[in-house]
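Asker: Got a structure for you, questions after.
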């Protein structure tokens, strides 16, 4: 089943698949409401959907399909190839993701692969996912290097900051002076390259520097 609010897109896809004997478009819809109505009567093996549509988002549609029709595979065909869109679609359980400028060869390959129970992500989407993974790995390595520079006392103070304690409270708990706590905080921020407590907490939580328990 094809779900896209542009008739020309749906017609174009059907034209590309005309000579594919093992692929048949059993239904099409221009919006989420119409697509869900079709699914009450038609049970396609694959639903190919856009993300930007009237009467409900593509993400809401994907969530509904994967929850109510787990046997149906969902493939996204969208102009959005940003990492955030791809990640959310994957989290919702899609079996494939492709840009709208995909070639006929990739379109057919995607449908056939997903029909066999495989996952399919176009070369463009795979590149975005790989670049993001590399960035995360490098960021994690940099975070580990920065954390390694902290002393045990500094790590202890960071944990107390994460617990919401102020410098005077930290000083009382650790039996040290307020000035000493402030010096430690300054050293921590310098080593982790942050400018204030908000940035410090955000960086520590995002990178999971160490076990905070």
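Keep in mind that glycine also has a Cβ here, set from the backbone N, Cα and C atoms.
A TrEMBL annotation is a machine prediction, not a hand-curated record.
Taken from TrEMBL, the feature domain 'Response regulatory' applies to 1-115. Taken from TrEMBL, the feature domain 'HTH luxR-type' applies to 143-208. The 4-aspartylphosphate annotation in TrEMBL covers 50.
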Asker: Which residue counts does DSSP give the domain 'Response regulatory' (1-115) for helix, strand and coil?
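Answerer: Within the domain 'Response regulatory' (1-115) the tally stands at 50 helix, 18 strand, 47 coil.
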Asker: Can you tell me the mean pLDDT for the domain 'HTH luxR-type' (143-208)?
Answerer: 87
Asker: Taking only same-chain residues 6+ apart in sequence, whose CB is under 8 Å from that of residue 50 (4-aspartylphosphate), what do you get?
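Answerer: Non-local contacts for residue 50 (4-aspartylphosphate): 3, 4, 5, 6, 9, 58, 76, 77, 78.
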Asker: Based on DSSP, tally up the residues of the domain 'HTH luxR-type' (143-208) by helix, strand and coil.
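Answerer: Once the DSSP states are binned, the domain 'HTH luxR-type' (143-208) shows 51 helix, 0 strand, 15 coil.
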